[in-house]
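Visitor: Below are the features listed in Swiss-Prot for this protein:
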| type | residues | note |
| --- | --- | --- |
| BINDING | His46, His48, His63, His120 | Cu cation binding site |
| BINDING | His63, His71, His80, Asp83 | Zn(2+) binding site |
| DISULFID | Cys57-Cys146 | disulfide bond |
| LIPID | Cys7 | S-palmitoyl cysteine |
| MOD_RES | Lys4 | N6-succinyllysine |
| MOD_RES | Lys10 | N6-succinyllysine |
| MOD_RES | Lys91 | N6-succinyllysine |
| MOD_RES | Ser98 | phosphoserine |
| MOD_RES | Ser102 | phosphoserine |
| MOD_RES | Ser107 | phosphoserine |
| MOD_RES | Lys122 | N6-succinyllysine |
| MOD_RES | Lys122 | N6-acetyllysine |
Amino acid sequence: MEMKAVCVLKGQGPVEGTIHFVQKGSGPVVVSGTITGLTEGEHGFHVHQFEDXTQGCTSAGPHFNPLSKKHGGPKDQERHVGDLGNVTAGKDGVAIVSIEDSLIALSGDYSIIGRTMVVHEKRDDLGKGDNEESTQTGNAGSRLACGVIGIAQ
């Protein structure tokens, strides 16, 4: 059975986008979409714990981490479930998102439905930095835009 989800990203500034998620059975989740209004370069891209948007993207809480692991890159064994690495924006400020991830899911224990997708100000160092913040957030900086992930047709 195929499941689909969608997330509309919005923030205080010009950054916005739409992200689509598709999962067939227990296979990997295919994440695709477009984010506009970014500065050129890499930006951290994570699923955060909560659906709470009462204080903008800040109230989305930490990265989705049901396994209580340290922050890492999407290909690492040691990573939060919500660690999807970086998206890269060109000179035009547009990032084309194309990710396939086997840890997130659209149902079950690692379901991202009802959680918040966040795009960050800076590059995610994938937990390879030399400070404590690297093992928690990847030093990705402030939250530029976010949106709740919901079930789609």
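Glycine is no exception: its Cβ is also placed from the backbone N, Cα and C atoms.
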Visitor: Taking the Cα of His48 (Cu cation binding site) as the centre, which of the recorded positions listed as Lys10, His71, Asp83, Lys91, Ser98, Ser107 lie within 10 Å of it?
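Guide: So the list is Asp83.
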Visitor: Quick one: among the recorded positions Lys4, Lys10, His120, Lys122, which has the most Cβ atoms sitting within 10 Å of its own Cβ?
Guide: His120
Visitor: Long-range same-chain neighbours of His80 (Zn(2+) binding site), Cβ under 8 Å, sequence gap at least 6?
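Guide: Long-range Cβ contacts: His46, His63, Phe64, Asn65, Leu67, Lys69, Lys70, His71, Gly72.
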Visitor: Just to verify a number: CA distance, Cys57 (disulfide bond) to Lys10 (N6-succinyllysine), in angstrom, no decimals.
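Guide: It is 9 Å, counting Cα to Cα.
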Visitor: Can you give me the Cα-Cα distance between the residue listed as 'S-palmitoyl cysteine' and His120 (Cu cation binding site) in Å, rounded to a whole number?
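Guide: Rounded to a whole number, the Cα-Cα distance is 15 Å.
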Visitor: Between the Cα atoms of Lys122 (N6-succinyllysine) and Lys91 (N6-succinyllysine), what distance do you get, rounded to the nearest Å?
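Guide: If we compare the Cα positions of Lys122 (N6-succinyllysine) and Lys91 (N6-succinyllysine), the gap is 15 Å.
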Visitor: Can you give me the residues near the recorded Cu cation site, meaning same chain, not His46, His48, His63, His120 themselves, Cβ no more than 8 Å from the center of the site's Cβ atoms?
Guide: Gly44, Phe45, Val47, Ala60, Pro62, Phe64, Gly82, Asp83, Val118, Thr137, Ala140, Arg143
Visitor: Fill in the CA-CA distance, Ser102 (phosphoserine) to Asp83 (Zn(2+) binding site), as an integer in Å.
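Guide: That separation, Cα to Cα, works out to 11 Å.
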Visitor: Which of the recorded positions Lys4, Asp83, Ser98, Ser107 has its Cα closest in space to the Cα of Cys146 (disulfide bond)?
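Guide: The smallest Cα gap between Cys146 (disulfide bond) and any of the recorded positions is with Asp83.
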Visitor: Between Lys10 (N6-succinyllysine) and Lys4 (N6-succinyllysine), find the distance joining the two CA atoms and give it rounded to the nearest Å.
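Guide: Approximately 20 Å lies between the Cα of Lys10 (N6-succinyllysine) and that of Lys4 (N6-succinyllysine).
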Visitor: With the Zn(2+) site defined by His63, His71, His80, Asp83, which remaining residues of that chain have Cβ atoms positioned within 8 Å of the Cβ centroid?
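Guide: Nearby residues not in the site list: His46, Pro62, Phe64, Asn65, Lys69, Lys70, Gly72, Arg79, Val81, Gly82, Gly127, Gln136, Thr137, Gly138.
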Visitor: About how far apart, in whole Å, are the alpha carbons (Cα) of Lys4 (N6-succinyllysine) and Lys91 (N6-succinyllysine)?
Guide: 31
Visitor: Measuring Cα to Cα, how many Å separate Asp83 (Zn(2+) binding site) from Ser107 (phosphoserine)?
Guide: 17
Visitor: If I restrict to non-local contacts, at least six residues apart, and a C-beta distance under 8 angstroms, what lies near Lys91 (N6-succinyllysine) in its own chain?
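Guide: In sequence order, the residues whose Cβ lies under 8 Å from that of Lys91 (N6-succinyllysine) (at least 6 apart) are Glu40.
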